[in-house]
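Engineer: What follows is a single structure, and I will ask about it in a moment.
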Amino acid sequence: MVRFISLNISVTALLLFSFRTHLTTAASTNTCVVAKDSSDDAITIAKAFEDCKTDGTVVFSKNTTYSLKSVLELSGLQNVNVDLAGTIELPARNTSYSTTSAFIHFEGSNINLYDALDHTAPPTILVSANDSSFGSFRIVNAPRAHMRIKNSNNILVHNVTFHTASSNICYLPKNTDALQITQSSNIVFKDSYLTVGDDCTAINGGVTNVTVSNIICNGGHGFSVGSLGKGGSTDVVRQVRVRDSTCNGCENGVRIKTWPGGQGSVSDVNYNNIILNNVDNPILVTTHYCDPNVIEYCNSNDTISLTISDVHFKDITGSVSALGNPVVNINCSSLTPCSDFTLSGVDITRVTTTSNNVCENLNGSSDISVCS
């Protein structure tokens with residue numbers, strides 16, 4: 001087991017923890033307190049992990065900031081507890097890190113972490129693990145996505161605070177998704193507070209059985225499934241539950257987005273008891289998603305995309321912004337229409353400029369009251 005306690009990361013650039021072994025639980029027999037270094041704290045951090053890499057505890061002292069000038073790669077750890085009571089300050093922006101897989105990479109099994117403007121940057125934390133939990137930590141001012149779960153099973157993320165915002169409208173915190181999930185199953189994300197510049201959740205291809213609950217997200221792009229099917233690729237997502245959560249001032253509220261020309265399916269998706277306050281696009285399902293930063297992928301066959309079915313919106317309340325967008329916008333492809341949708345308890349306060357709801361290429365739309 002690798003156990004992390006009291007993690008407080010002030011993100012300005014790059015840090016990489018790489019755990020490459022499968023780890024088992026054992027009592028700690030040695031404690032190594034990370035010392036400060038006059039030039040680069042990565043040196044003393046590496047030494048502490050080397051000295052306590054088997055059945056040890058590595059301690060980052062409380063009220064201490066550790067400044068890194070280089071990348072850390074920590075491997076060969078067995079049964080290590082990590083008490084991150086201090087703050088890790090990552091290196092200054094450096095484009096040479098743009099191809100790095102993550103700032104912090106946890107790879108292994110039974111990992112437990114507790115109490116704890118570069119748009120080409122990798123995510124801050126990458127999890128590739130099984131039967132692991134990550135909770136009660138903060139990430140502040142991430143340069144890109146805060147956390148990504150990939151090739152994982154049975155992961156719990158809880159009681160986290162992600163805060164990335166900008167006071168300068170010319171430098172918006174783009175691509176700062178809170179939690180990205182891909183090629184994974186049995187994921188729970190709950191009891192967390194987010195301020196981000198992109199998706200509050202991004203549930204991507206190859207994902208099964210995700211539960212998101214009791215999340216407050218501010219200023220983000222909503223609780224999203226996708227994007228999926230980019231460049232004609234095949235993606236499958238099923239069994240998604242998003243409930244008892246809030247989006248404040250978000251661009252989108254609850255959203256499913258697939259690219260034109262994509263293949264695969266989205267099914268068994270439930271949004272339940274969601275509060276959307278001053279949201280531009282409260283309920284949005286589109287098979288015509290386009291990212292202008294990669295416009296070459298926007299020109300595929302717009303009549304087909306992933307099939308989206310068995311999707312249910314229940315008790316979605318709040319208010320729409322003054323931009324004039326519809327409360328409900330379901331816009332599917334003509335040759336792969338959406339089907340088996342229900343919308344009940346939708347109570348979003350409109351403004352005078354709010355457009356009529358859209359339900360295009362949705363089978364059974366005549367039986368859905370918000371579509372008429």
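Heads up, the Cβ atoms here are built off N, Cα and C, so glycines get one too.
In case it helps, Swiss-Prot gives these features for our protein:
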- Asp198: active site, proton donor (ACT_SITE)
- His221: active site (ACT_SITE)
- Cys200-Cys217: disulfide bond (DISULFID)
- Cys332-Cys338: disulfide bond (DISULFID)
- 184-205: repeat 'PbH1 2' (REPEAT)
- 237-258: repeat 'PbH1 4' (REPEAT)
Engineer: Using C-alpha atoms only, work out the spacing between Cys200 (disulfide bond) and Cys338 (disulfide bond) and round it to an integer in Å.
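Structural biologist: A Cα-Cα distance of 24 Å.
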Engineer: What does DSSP say about Cys338 (disulfide bond): helix, strand or coil?
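Structural biologist: For Cys338 (disulfide bond) - judged by DSSP and reduced to three states - the answer is strand.
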Engineer: Can you check what DSSP calls Cys217 (disulfide bond), collapsed to helix, strand or coil?
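Structural biologist: Where Cys217 (disulfide bond) sits, the three-state DSSP reduction gives strand.
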Engineer: If you average per-residue pLDDT over the repeat 'PbH1 2' (184-205), what number do you get?
Structural biologist: 98
Engineer: With DSSP helix as H/G/I and strand as E/B, how many residues of the repeat 'PbH1 4' (237-258) fall in helix, strand and coil?
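Structural biologist: Once the DSSP states are binned, the repeat 'PbH1 4' (237-258) shows 0 helix, 19 strand, 3 coil.
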Engineer: Drop a 10 Å sphere on every Cβ of the disulfide-bonded residues Cys200, Cys332 and tell me which sphere holds the fewest other Cβ atoms.
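Structural biologist: Selected from the disulfide-bonded residues Cys200, Cys332 on minimum Cβ neighbours within 10 Å: Cys332.
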Engineer: Rounded to an integer, what is the Cα-Cα distance in Å between the residue listed as 'active site' and Cys332 (disulfide bond)?
Structural biologist: 20
Engineer: Looking at the disulfide-bonded residues Cys217, Cys332, Cys338, whose Cα is closest in space to that of the residue listed as 'active site, proton donor'?
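Structural biologist: Nearest by Cα distance to the residue listed as 'active site, proton donor': Cys217.
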Engineer: Return the count of C-beta atoms lying within 10 angstroms of the C-beta of His221 (active site), excluding that atom itself.
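Structural biologist: Other Cβ atoms within 10 Å of His221 (active site): 26.
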Engineer: Within its own chain, what residues at least 6 apart in sequence put their Cβ under 8 Å from the Cβ of Cys217 (disulfide bond), listed in sequence order?
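Structural biologist: Looking at Cβ-Cβ distances below 8 Å from Cys217 (disulfide bond), excluding near sequence neighbours, one finds Ala178, Leu194, Thr195, Val196, Cys200, Phe223, Ser245, Thr246, Cys247, Asn248, Cys250.
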Engineer: Could you check what DSSP calls Cys332 (disulfide bond) once collapsed to helix, strand or coil?
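Structural biologist: Cys332 (disulfide bond) sits in coil per DSSP, no helix or strand.
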Engineer: Given the recorded positions Asp198, Cys338, which one's Cβ is surrounded by the fewest other Cβ atoms within 10 Å?
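Structural biologist: The recorded positions Asp198, Cys338 were compared, and Asp198 has the fewest Cβ atoms within 10 Å.
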